[in-house]
Amino acid sequence: MEKYLRENFSVQPKNPSEAALLRWRSAVSVVKNPRRRFRMVANLAHRADAEEKRRKLQSPINLSSDLLLRMLYQLESEYNKEKIRVALYVQKAALHFITAGSQGGDDMLAKQRREAGFKIDPEGLANIIRSHDIDCLAHHEGVEGVARDVLVSLELGVSSLDVELRQKIYGLNRHAEKTPRSFWMFVWDAMQDLTLIILMVCALVSVGVGILTEGWPKGMYDGVGIILCIMLVVFVTSISDYKQSLQFKDLDKEKKNISIQVTRDGRRQKVSIHDIVVGDIVHLSIGDIVPADGLLISGFGLLIDESSLSGESEPVNVDQKKPYLLSGTTVQDGSAKMLVISVGMRTEWGRLMDTLSEGGDDETPLQVKLNGVATIIGKIGLGFALLTFVVLTGRFLLGKIAHHQITKWSLDDASKLLNFFATAVIIIVVAVPEGLPLAVTLSLAFAMKKLMKDKALVRHLSACETMGSAGCICTDKTGTLTTNHMVVDKIWICGQTKAIKSGNKENVLKPSISEQIFDLLLQSIFQNTGSEIVKGQDGKNKIMGTPTESALLEFGLLLGGDSKLYNDKYKIVKVEPFNSVRKKMSVLVAIPDGTKKFRAFIKGASEIVLKLCDEVVNEDGKVIHLNEQRRNSITEVINGFASEALRTLCIAFKDIEGSSESDSIPEDKYTLIAIVGIKDPVRPGVKEAVKTCLEAGITVRMVTGDNLNTAKAIARECGILTDGIAIEGPDFRNKSPQEMEDIIPKIQVMARSLPLDKHTLVTNLRNVFNEVVAVTGDGTNDAPALHEADIGLAMGIAGTEVAKENADVIVLDDNFTTIVNVTRWGRAVYINIQKFVQFQLTVNVVALMLNFVSACVSGSAPLTAVQMLWVNMIMDTLGALALATEPPHDGLMKRPPIGKNAKFITRIMWRNIIGQSIYQIIVLLVLKFRGEQILKLNGPDSTIVLNTVIFNTFVFCQVFNEINSRDMEKINVFQGMFSSWVFLMVMAVTICFQAIIVEFLGTFAQTVPLSWKMWLVCVLIGAVSLVIAGVLKCIPVPTSNYDFVVTQHDGYEELPSGPEQA
C-alpha cells in the first residue's frame, strides 16, 4: 500500500508540480461524491484559464501591444521606451473611456459629488492613472491640482468625518469577491453522493413494493426509515462542511486585512487597507504593497515592482516625471508619500482581479495521501459489495431452484432482491471512506482557527501540516527571540562611554561634550531616520517606525532635542533608506548658509560604517585622523558593547562643498561621531521554547544581520549556542560547496548575514541534507528564503507586506514561542488524522467482514440499511469531529519530527486495527450464530432482539474503539479526554442517539427496545475493547525501514523518526 501511495499519491507540500497534481487525480477512482470530496482541491482547468487571462491582460492591448513591447525592449533610448510606454497607456485609457461612456453614469452620485464640492468624478481620476500621460496630469495642474479637486490638503490629509462620503462617491477599496456559498448549497453537494441517490431510489421502490405486499402503513416503514436516515446524514455532513467554510472565510478575511500608514486629521496613523479612500495621503516604504492607485507627492529613490500587473520583472523608477503608482505593486526600494485617486474595482489591480477566476489553493500532501487510501479501500469495498450481492442472490436463486420455484416470481421476491442490492450499496457506503480526505480539511480548519487565537495566521493549508515535520528552524534574532522594544543603553562619544538612564536626560552628555558635537549628534538622530514623531490622539508624542529607529528618536527626545527644529532648518536633499543588503542608511542635507554646502549623515552596522570613516571626534570635541591604534580601540568598544548583548550602531557625518542635488551620497571619508549600544532583551519564555524544540529533535539556528558578538551573547542566553559554530555571513558565502556541506550541520549562529546567505543555507539544508526547514523573515529581501523554505514564517509586526505575501504563516506577535506552538499544532494535525484513519479502517474491516461472512453463511446481513447508515455517520462525520479536532498535548514535543519518508499507516496502527478487528468480528459473529443460545433468547421476537443486540454491540464497540484511538501507544487513553469538549460532545450525542434509535425508532430502524441486562451486555462487550487495546499496546512492533537515529548538536538523541512514536 505504501509503495502504491508513494508512486501515485505523493505531492510536495509547497509548489507541487502540475505532473504530480495530474497523476494523483488520474489515479483516484471509486468516488461516491466528487462535488464534496474534491471541494477543497485546486481546479487546474480554472487555474490555467486564469493564467492565460492574466497574460492577455498584462499586455496593454493584445497583438499590437506585443509587437510594440518587443520594439520597446530592442530600443536603447530611454526616451523612445517611455514614448511607446505612454502611447500604450493612452491607447488603453481610450478604450476604457469608450467602455465607460457606453455604460453611462450614475446621475444621483454625480449630483452628490457636485453638492459635496468635488470637481472630478471617479472615472476622470481613473483615467489619469490609466493614461500615464503627463500632459493629462498637467491639465489638472499636477498633484496639487488633483488634491484640490478632491478637497484634500497634502499636509493634513483626509478628515475622518469625510471618509463615509468619499466611500459613497468614489467607492470602497475592495475588490469583487465570489458570492459566499449558502448552507443549502452544501446540502445540495452532499446529496450528489451516487450511493445515497441509489439508496434513495431503492427506498422509494421499497416503499411501493412494501405497501403492495404488506399494506399501509407497515409496508412503508423500511423505505421511509432509509430516506430519513439519508436526510440525517446529508444534514449532519452539510452542517460540518458549512462550518468549515465559515472558518476558512474568516481566515481569508484576516489574510487580506493589511494595515496602511496614512495621514488623516493632520496626524500619521494606521488604517485597514479596506478603509483607504480617495484623497488619503499614504506613506510607503520598502516592502509595502501599494494599496490603491495614486500619484507620488514626494519621495526618495522610489523603485516599484510592477510584475504583478505588467508581467515585467524589471522594477520601475517613480519620480515627479513619472508619478504614477498602481495598486497591487510593491515598493522594492526607497520611501514616498502618495495621493490616492482610485480605489477598489476602478484600480488596475481591481480590474485584473475581476476578470480572473482562480483555481483555488493546492491540496495538501495529507489530503492527497488520504485520497489514495480512500481509493484503495473503496476498490476493496466495491469488490466485497459485488461479492456479497452475488452470494446473497446466488443463495436466493439456489433456494428457488431447490424448491422448483425458479419460474414463479412475486413482489416479495422482488423485495428480497431489492434488499440484497440495497445491502451491497450500503456496504459501498460504509466501505468507501469518503470522509478521509475531508477529515484533513476539518482538522486543519480547527487548527488554523485555534492558531489564529494564539497569534499565528496560517496563509496556506499545507504549512500547518508540514510544520509537524520541521526538523530545523532558522530564526531571526530581533523581535523573534528578543522583545523588539529597544532602548539606548550605552553610548560612546568623544572617547567616553556613558550609560544611559531614563531619568538622566541631557545631563548625561551635555557636561562632557561640546555644544557643536551635541548639536551634530541630535541632527544626525532626527534627520537620518526612517521613522517619524507624530502627535497621538492624546496629544503626546508617538514614534511611527522600526524599533531601532524608534530607540534612537526616543534617545534624541530624552536629550531634549526637537525634530521639527532640525527639519525646518536643514532641507533633506537625498535619502538612501536602510535595507538588509546595505545595512546602513544615509541622508544628504543642505546647510542653510547661502553657500552650496551639504552635509551627509550615515548610520548602520558598526563594522561597515567604521570602514567608511577616516576621522573621529576626540575627547576635546575636535576632529582628528582615525589611525590604526584608534580604530582598534573603537573596535574593542564595539565588541565590548556586543558582548553585553547590545546592538551596536555607528553614527558619522561628512561636510561637502560644491555638491549638487543630483550627486550621490558619498561612500567614504566620514567622521565618526558616536557608537550607540541598543538593548533589546530576550523575550520571556524563549529559552524554554528553544529547549522544547531541542527535546523535540528540532535544530534551532539563529540567522541575524547583527554583530557576531551580539548574536553569540543572545544565542547563549536563549540556549541556541551550545557546542556548535557561530559564523559570519561573508565567511559563509565564500566557502566552497564541499566546505559548506561539512560546516552547515555544525552552524548554530550566523551573524552579519545577507538575505542571500539565508537563502543559501535553506537551499543546502533542504537539498543536501533533506531536512524540512522552517524559516523566519521580515524584510523584502527575505522573500526568496521564505519562498524556498518548506515553511516560511513572516513577522506580523516587523515584517513587510512582501515578506508576508511570500510566507506560509504570519507570526502576528513576532514571538518565537508562537512558532513552537505552530509546530505543536502541526504535529497534532498529523497524529489526529492517523487516529481517525485507524478508527475508520477498523470500522471498515469489521463491517465488511461481518456482512460478507453473514451473507455467505446465513444468506442475510445482520445490519439493516438504516443501521449501516447510522454506523457510517458515526465513523465518518462524527468520528472526524471527535478525533481530528483533538488539541495538542505536551507529549507531542517529546518525540522527533515526522520524517519525510515515514509511512502514514504505520505498523503500530496496523497492529491496533488488526487486533481490534479480530476481537470485534469474533464477538459479533458468535452473537450472530450462537447469540440466541448464549443470551437465552426464545420466542417469536428472538431474531429481532438478537439483531438489535448485534447492532447495539457493534455501535458500542466503535464508541470504545474511538476512545482507544485517542492514543495509539499509551494504555491510558483517558488522559486529557475530559478537557476535549468536542470529543465528549460527540460521544454524548452518539450514545444518546443510539439509545433513541434502539428504544424509540424501532419501526424505522428494525430494532426493538432492550432490557437493562441486554444494554449492560452490549456496553460490557464494547468496553472489553479497552482491555484488548491495552494488551495490544504491550506487543512490541519493529521499527520501519525509514527510522533513523541522529545525535543532535544539543546532545539530545533523536528517537526513531516517523509516527511510530506518535
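Yeah, the Cβs are placed from backbone N, Cα and C, and that goes for glycine too.
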Among ranges 376-398, 836-858, whichever one TrEMBL labels transmembrane segment: 376-398
Listed range which TrEMBL flags as transmembrane segment, given the options 80-102, 908-930: 908-930
Contact check, the transmembrane segment (219-239) vs the transmembrane segment (376-398), 3+ Cβ pairs under 8 Å, seq sep 6+: no
Intrachain residues whose Cβ lies under 8 Å of the transmembrane segment (942-960), provided they are six or more past its termini: 839, 842-843, 846, 850, 862-864, 867, 870-871, 874-875, 920, 923-924, 927-928, 931-932, 935, 987, 990-991, 994, 998, 1002, 1006-1008, 1010, 1014-1015, 1017-1019, 1021-1023, 1025-1026
Tally of DSSP helical, extended and coil residues in the domain 'Cation-transporting P-type ATPase N-terminal' (137-211): 48 helix, 3 strand, 24 coil
Close approaches to the transmembrane segment (376-398) from elsewhere in its chain (Cβ under 8 angstroms; 6 or more beyond its ends): 1, 4-5, 29-31, 406, 413, 416-417, 420-421, 423-425, 427-428, 430-433, 841, 844, 848, 851-852, 855-856, 859-861
Close approaches to the transmembrane segment (418-447) from elsewhere in its chain (Cβ under 8 angstroms; 6 or more beyond its ends): 30-33, 36-37, 39-40, 193, 195-196, 198-199, 202-203, 205-206, 209, 226, 240-241, 244, 247-248, 364, 366-367, 370-371, 373-374, 377-378, 380-382, 384-386, 388-389, 392-393, 396, 458, 461, 464-465, 825-826, 828-829, 832-833, 836-837, 840-841, 843-844, 847-848, 851, 855, 861, 863, 865, 868-869, 871-872, 875-877, 879-881, 884-885
